[in-house]
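Before any comments, here is the structure.
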């Protein structure tokens with residue numbers, strides 16, 4: 001009953017608090033990333049050190065901190081995670097570490113354990129898979145400072161410290177496993193000269209592996225000979241490391257040092273967010289944006305000049321005989337607005353794309369203004385899920401409006417498919433991946449309560465909103481075509497090889513992908529290599545250029561298609577820009593084999609499963625942009641010419 005109650009509490013909090021966060025976000029502090037208030041500490045105040053999941057870039061499977069034989073507190077207390085944190089696999093719990101503000105500690109003994117065969121095997125597996133331990137102090141994640149070997153000797157920060165390391169004794173070729181059992185913490189704080197209070201601005205650690213020694217039998221008052229504060233003997237290296245083997249004793253110890261810092265509390269995240277900042281990164285993004293902007297400008301100029309000449313020439317034709325001698329897009333005016341095959345499915349995909357576009361745009365705007373900071377763990381994912389749900393009303397409206405234009409009558413069927421098709425496919429893939437994670441006993445597996453919350457958001461809020469939008473959209477007057485459609489379809493002449501649908505669709509996806517692929521590298525690195533990504537200003541700019549590029553390349557290819565007297569543009573306009581998703585998935589495959597060190601089958605399936613979901617979402621988004629661009633373009637040009 002207690003576990004069920006805890007699950008329901010988490011469920012309630014995972015839904016209610018994100019909603020309150022979005023509603024009351026405007027009341028947050030304006031001088032810092034909103035949503036988090038600073039906490040002042042006086043000398044001697046206790047500091048709560050919390051532990052989070054164990055992570056590995058080699059397996060991508062998170063585990064709970066206490067799944068390994070680390071020292072537990074008297075009672076393990078779970079933090080209440082939000083929806084985004086649960087989906088990320090975060091499991092935040094209390095720890096036995098005792099910190100007191102500005103009171104240094106040396107060689108504090110945490111606990112003493114003896115490994116058995118099972119726990120030794122677990123530790124070896126986690127060390128072999130390069131798992132890292134993640135901790136939190138005052139909402140700041142624990143980092144390991146690493147000095148670069150380049151000329152400027154700058155410091156970069158690694159999130160979390162490794163559980164241990166592999167190595168060999170001198171003169172031996174046998175590989176051994178060693179655990180980091182001594183942690184030298186550094187807590188950085190900024191002092192307020194007026195109130196004499198302090199705010200935490202940094203949380204660092206240097207891990208060591210040391211085989212602690214002591215005299216006599218072990219008890220709580222036993223003094224270590226390898227690390228003794230009374231004799232000023234501290235751990236400064238791992239020359240005598242603690243080996244992981246069955247029946248070995250391991251003593252966990254730690255130091256705490258406090259350093260005053262000039263970094264103000266409002267800027268304390270800068271070191272984390274700029275950890276990979278370098279000139280090449282910025283230059284690559286700016287260079288990519290300039291190239292795409294130049295290409296977009298060229299395309300726009302060509303299109304405007306060519307279309308202006310065409311429309312002027314068509315309108316100057318005096319006789320019907322002259323018009324019949326003309327070739328090009330005007331000749332298909334009686335068929336260009338003929339409803340396509342599978343028009344219901346097209347309406348569903350367009351509606352879903354509108355929903356996705358709305359979600360991404362609002363999320364980007366929130367992120368650019370700092371509302372979705374990394375200090376609010378899981379906030380980004382929670383906001384995206386909630387926005388997806390509430391954007392369902394626009395999805396229903398867009399699909400119903402288009403469906404009515406196609407002379408459809410069963411709007412409820414289209415609304416239901418719009419509400420269920422894309423989320424259903426994604427949920428099915430997600431469910432299979434979650435089952436694989438369950439099989440590995442990972443904390444990344446989404447619990448039943450959260451799964452129920454997702455279904456509740458889907459069917460309890462999203463589906464009704466789609467129907468509301470569909471009802472409003474279908475009640476609106478149908479969109480009138482600028483020209484009449486002939487009763488008998490016109491025969492499409494034989495097309496040149498370069499106007500083959502498959503070829504032109506694949507060509508159309510290259511430019512939109514080119515607009516994002518550099519930024520995509522950094523996004524994939526942040527997701528799969530456990531790093532922060534917080535350059536949403538650049539990302540928003542890249543996203544806007546992606547919209548422009550998708551629209552322009554689709555319009556260009558649609559124009560060439562109509563000039564070839566092929567009027568089947570509806571689906572091709574969607575697929576042309578949507579094909580960029582294929583290149584995204586191919587790039588993700590390339591990234592997997594060149595940048596990641598994943599060797600386990602389950603981890604590989606997780607990677608490709610999640611990237612398949614991302615590519616599918618990208619297809620829906622870019623396809624919808626291309627479709628609406630062509631929809632606007634065709635209506636514009638056919639309403640601009642005189643049709644006899």
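Placement of Cβ uses the backbone N, Cα and C atoms for every residue, glycine included.
The signal peptide annotation in TrEMBL covers 1-30.
Positions annotated as transmembrane segment by TrEMBL: 282-304 (among others).
Long-range contacts of the transmembrane segment (346-372) within the same chain, counting only residues at least 6 positions beyond its ends with a Cβ under 8 Å from a Cβ of the stretch, are 25, 28, 33-35, 340, 379-380, 383-384, 387-388, 391-392, 394-400, 402-403, 406, 408, 414, 417-418, 421-422, 466, 536-537, 539-540, 543, 570-571, 574, 617, 620-621, 623-625, 627-628. Marked as transmembrane segment by TrEMBL: 346-372 (among others).
The transmembrane segment annotation in TrEMBL covers 378-398 (among others).
The transmembrane segment annotation in TrEMBL covers 419-439 (among others).
Distant neighbours of the transmembrane segment (451-474): 11, 14-15, 83, 351, 385-386, 388-390, 392-401, 403-404, 411-412, 414-416, 418-420, 423, 427, 434; these residues of the same chain sit at least 6 beyond its ends, with a Cβ under 8 Å from one of its Cβ atoms. Annotated transmembrane segment per TrEMBL: 451-474 (among others), in sequence order.
Per TrEMBL, transmembrane segment is recorded for 505-529 (among others).
Annotation source TrEMBL lists transmembrane segment at 535-562 (among others).
Annotated transmembrane segment per TrEMBL: 574-593 (among others), in sequence order. Outside the transmembrane segment (574-593), and at least 6 residues removed from its termini, the chain residues within Cβ reach (under 8 Å) are 346, 349-350, 504-506, 508-510, 512-513, 516-517, 520-521, 524, 550-551, 553-554, 557-558, 604, 607-608, 611-612, 614-616, 618-620, 622-627, 629.
Listed by sequence, the residues of this chain that lie at least six past the ends of the transmembrane segment (605-633) yet keep a Cβ under 8 A from its Cβ atoms are 60-61, 346, 349-350, 352-354, 356-357, 360, 422, 425-426, 429-430, 432-433, 436-437, 508-509, 512, 528, 546-547, 550-555, 558-559, 569-570, 573-582, 584-585, 588-589, 592, 596, 598. Taken from TrEMBL, the feature transmembrane segment applies to 605-633 (among others).
Distant neighbours of the transmembrane segment (378-398): 14, 18-19, 21-22, 35, 81-88, 90, 350-352, 354-356, 358-359, 362-363, 366-367, 371-372, 415, 418-419, 454, 457-458, 461-463, 465-473; these residues of the same chain sit at least 6 beyond its ends, with a Cβ under 8 Å from one of its Cβ atoms. Beyond the transmembrane segment (505-529), the same-chain residues lying 6 or more positions past its ends with a Cβ under 8 Å from any Cβ of the stretch are 57, 60, 276, 281, 284-285, 288, 291-292, 295, 535, 538-539, 542, 545-546, 549-550, 553-554, 557, 572, 575-584, 587-588, 591, 595-596, 607, 622, 626.
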